[in-house]
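Asks: Checked TrEMBL, it gives:
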type: BINDING; residues: Ser68, Lys75, Ser144; note: CoA binding site
type: DOMAIN; residues: 24-209; note: domain '3-hydroxyacyl-CoA dehydrogenase NAD binding'
type: DOMAIN; residues: 211-308; note: domain '3-hydroxyacyl-CoA dehydrogenase C-terminal'
type: SITE; residues: His165; note: site 'Important for catalytic activity'
Amino acid sequence: MAAVSQVLKRSFSSSSPMAGAIKNVTVIGGGLMGSGIAQIAAAAGQKVVLVETNEKLLQGANSRINESLKRVAKKQFKENPSAGESFVQETMGRISGTTNPSEGAASADLIVEAIVENMGIKQKLFATLDEAAPKHTIFASNTSSLSITEIASQCQRKDKFGGLHFFNPVPVMKLLEVVRTNDTSDETYKKMMEWGQEVGKTCITCKDTPGFVVNRLLVPQLAEAIRMLERGDASPRDIDTAMKLGAGHPMGPFELADYVGHDTTKFIIDGWHEKMPENPLFKPSELLNKMVKEGKLGVKSGEGFYSYKKK
Ligand SMILES: CCCCCCCC(=O)CC(=O)SCCNC(=O)CCNC(=O)[C@H](O)C(C)(C)COP(=O)(O)OP(=O)(O)OC[C@H]1O[C@@H](n2cnc3c(N)ncnc32)[C@H](O)[C@@H]1OP(=O)(O)O
Ligand SMILES: NC(=O)C1=CN([C@@H]2O[C@H](COP(=O)(O)OP(=O)(O)OC[C@H]3O[C@@H](n4cnc5c(N)ncnc54)[C@H](O)[C@@H]3O)[C@@H](O)[C@H]2O)C=CC1
């Protein structure tokens, strides 16, 4: 990963006008989602600065991106492996890393945040970035479930703030939800839509409502699948088979829940239940709570509804 100072050597003006395409992207958080977002932006020819909390995590993100790019190259350059290698190297060469968010923000046209799903931590981060980033920089959150308006509340630039909600795995999933708050300007919205298309996604427009479109439908479906299991209606395997073969889903609800992580799903259900206690769709599940308490978080912990432990 190139040093961030190399990237910062590019000339930029802290008062650049809004006009002009997004060329410099900063991604905050290099976990599952952030590394994917950094990857597709770099693959689309943009300069990317990735921000993590320490060097080890930056290296981890770097390896994840490298591995994923190799999978993409294997497919896209089937007939020409050396062109595939160049594609991987050139894409990696457009990504630099830093552990300092303010430094990372200094040359950004767009900042996409993909850190832990916690309102206070996201608000604090954006307040810092608001001080450090050029005036023209657009801020976006990849939150799964939180209000974009609330995340933006500590920032001055509410007109340049929106949601860019990607799907896991980012390099494969074709959708991008572009979220407008009541404060997002037409120009910011337009730039977010254009950028989404540039990084190869099909964009839809969403209002700043809980779960936007996909998660508002997906989370209740998962919660109902868990209630079916709790009632003893059918096994996870049979429910998954049913939804794959009967409804054409690539994964059944239990496979998908294991893939996403039960801590994330519990966090979403609990948060929405707190906001909408009268809505039975978001009633917390005892089974989910128990699994999270026992550390059965899905694929990432080696056990969820299924076992992923290496035999
Ligand atoms: C649950 C409710 C709670 C919601 C919580 C919040 C979460 C959110 O906010 C929003 C979300 O992201 S929701 C989750 C959305 N994702 C899904 O629904 C994934 C569903 N699964 C799939 O599409 C495939 O099983 C999948 C693509 C994953 C894997 O496909 P396969 O089973 O066929 O496995 P592979 O053969 O390994 O992969 C298929 C092709 O994709 C390529 N690929 C996979 N992962 C990749 C990666 N990370 N980077 C680059 N390429 C990748 C793989 O190479 C393969 O390509 P082909 O060889 O050409 O087929
Ligand atoms: N996991 C999923 O399927 C999806 C998650 N999301 C959302 O994306 C966001 C990130 O989720 P994941 O990538 O799954 O989480 P993750 O836990 O894999 O990655 C988060 C990363 O952010 C880093 N981080 C935390 N605080 C930071 C800070 N102040 N500065 C820089 N880095 C920081 C952590 O070290 C970690 O590597 C969350 O808001 C989540 O709701 C959105 C779509 C799908």
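Placed from the backbone N, Cα and C atoms, the Cβ positions cover glycine too.
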Asks: For Ser144 (CoA binding site), which of the three DSSP-derived states applies: helix, strand, or coil?
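Replies: Ser144 (CoA binding site) sits in coil per DSSP, no helix or strand.
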Asks: Counting other Cβ atoms within 10 Å of each residue's Cβ, which of the recorded positions Lys75, His165 comes out lowest?
Replies: Lys75
Asks: Give, as a single whole number between 0 and 100, the mean pLDDT over the domain '3-hydroxyacyl-CoA dehydrogenase C-terminal' (211-308).
Replies: 96
Asks: Validating a neighbour-count step here. Other CB atoms within 10 A of the CB of Ser144 (CoA binding site): how many?
Replies: 23
Asks: What whole-number Å value do you get for the CA-CA distance of Ser68 (CoA binding site) and His165 (site 'Important for catalytic activity')?
Replies: 20
Asks: Need one number for the CoA-binding residues Ser68, Lys75, Ser144: the maximum pairwise CA distance in Å, whole number please.
Replies: 29
Asks: I'd like the per-state residue tally for the domain '3-hydroxyacyl-CoA dehydrogenase C-terminal' (211-308) from DSSP, helix first, then strand, then coil.
Replies: 66 helix, 3 strand, 29 coil
Asks: Check Lys75 (CoA binding site) against DSSP and tell me helix, strand or coil, would you?
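Replies: Looking at the DSSP assignment, Lys75 (CoA binding site) belongs to a helix.
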Asks: What is the separation, in Å, between the Cα atoms of Lys75 (CoA binding site) and His165 (site 'Important for catalytic activity')?
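Replies: Their Cα atoms are separated by 25 Å.
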Asks: Could you tell me which three-state DSSP class His165 (site 'Important for catalytic activity') falls into?
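Replies: Strand, per DSSP.
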Asks: If one measures from the C-alpha of Ser144 (CoA binding site) to the C-alpha of His165 (site 'Important for catalytic activity'), what distance in angstrom results, rounded to a whole number?
Replies: 7
